[in-house]
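Here the structure comes first, spelled out in structure tokens, and everything after it is commentary.
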Amino acid sequence: MIVFQPHVYATVFILSILQAFALDSYIAAVYEHSVILPNVTGRPVSSEDALTLMNKNMDVLEGAIKAAAQQGAHIIVTPEDGIYGWVFKRDTIFPYLEDIPDPQVNWIPCTDPERFAPAAVQERLSCMARNNSIYVVANIGDKKPCNSSDPKCPSNGHYQYNTNVVFDSEGKLVARYHKYNLFMSETQFDSPKEPEIVTFNTSFGKFGIFTCFDILFHDPAVTVVSKLHVDTVLFPTAWMNVLPHLTAIEFHSAWAMGMGVNLLAADTHNTSLAMTGHFHYNMETEDGHLLVAELSSLPRLSPTYPSAVNWRAYATSVKRFSPDDRNFSGVIFFDKFTFTELTKPEGNRTVCQKDLCCHLSYRMTEKQEDEVYVLGAFDGLHVVEGEYYLQICTLLKCKSTDLKTCGQPVATAHTRFEAFSLSGTFGTSYVFPEVLLSGVQLAPGEFQVLSDGRLISQSGTSKPVLTVTLFGRWYEKDPP
């Protein structure tokens, strides 16, 4: 069972007004924030000390919000954990939490702060939105009282939720989302009983919202796009980059492309934890970064909107390109892949694992003798830091000429590809295309996905290649 919470309590008349005056495009902003973290004492601080820390972070966020508004942004997304950090236990995070009401209450904290007091954080965020005439998306902590009549009530008498809030340009609370898929280290929070599917309408499109680890699972991420048909997903996150397939800049852009939506992703910035890079991969400095861009309000109506893809059509129509007598095993992020080496500057290769066969046609240019590339396949359940079923076809550079290093993180390369075509016999329709170039950079406009499931280069790559990947999620095979 899924709990639907659209939080759009409008009549048909009001919705028709929104549509009549809808903007074709809008300006969006995301802020990658270097969070000011609390001192780790192991003991709860006072609510006053907690608010002092949160105000320090909100001082920084307010500067980014003002800068975004001055550049004409309609909405800004700030990161998960961006107001208080993440080094907590259940008791030590409690002073940082507020009781966040359901948006049905029609509340503007900036003008009526005492109505649900104490709510100093909500009041300040509301005023940031109202004073700058911009939608503000932030991540804070929610607490909800419970008692002994509830057998699952925590010992401190409160459920504690990792929570996204959205305030409109008048400062009104218009959306609240409790994170459902908690990362393994988030023991300070509770999951809601059912995944919440949260959407809201604006004059510049329909929005959905979820948080970080949620993106790897069907609910709420796929449901909010495929069943609620949102145009843009708001995505606060504290994502730890994992090369070669799960860097923020790479996977989140691939997910957005595969799902056909705008994804406004805002990450925390902490190089010691490899947190960086939804729009640039910066492991050199601890600076925050603001990105402002114009987006289509209705991407599904765009002439460039991708057509439907049958991800297995081409791959199931061709015979194996090569035998498996030279295959070997390697590990990527705890998953055991089957690899085959690309021994020639051009050719056709096939590698299979279980029901997944990956086919690659390629032509290298400027092939470096000290660089090795392989084609890999993985078809199985990932079981570390969460359990979810993957099917992956990947062309990637090995860390060295030693084949035992294939799958280890690599950030630079020197070999360019004049052409590539990658496909697989996927059992899922949810496949996300990734192309990552040297320096951990995206390759916009340099590849396309054909309707028969081939990921092909357009006319070579502008930089040497790190990975070319089809990242499949087979949700139906996830554990219950």
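Each residue's number is its place along the chain shown, starting with 1.
Any Cβ shown, glycine's included, is placed from N, Cα and C.
As given in TrEMBL:
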type	residues	note
ACT_SITE	GLU80	active site, proton acceptor
ACT_SITE	LYS179	active site, proton donor
ACT_SITE	CYS212	active site, nucleophile
DOMAIN	40-311	domain 'CN hydrolase'
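Positions of the features from TrEMBL, shown on the structure.
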{"residue": "GLU80", "record": "active site, proton acceptor", "Cβ neighbours (10 Å)": "27"}
{"residue": "LYS179", "record": "active site, proton donor", "Cβ neighbours (10 Å)": "27"}
{"residue": "CYS212", "record": "active site, nucleophile", "Cβ neighbours (10 Å)": "27"}
> Just the number: how many Å between the Cα atoms of the residue listed as 'active site, proton acceptor' and the residue listed as 'active site, proton donor'?
Replying inline: 10
> What's the CA to CA span in angstrom from the residue listed as 'active site, nucleophile' over to LYS179 (active site, proton donor)?
Replying inline: 9
> Average pLDDT across the domain 'CN hydrolase' (40-311)?
Replying inline: 94
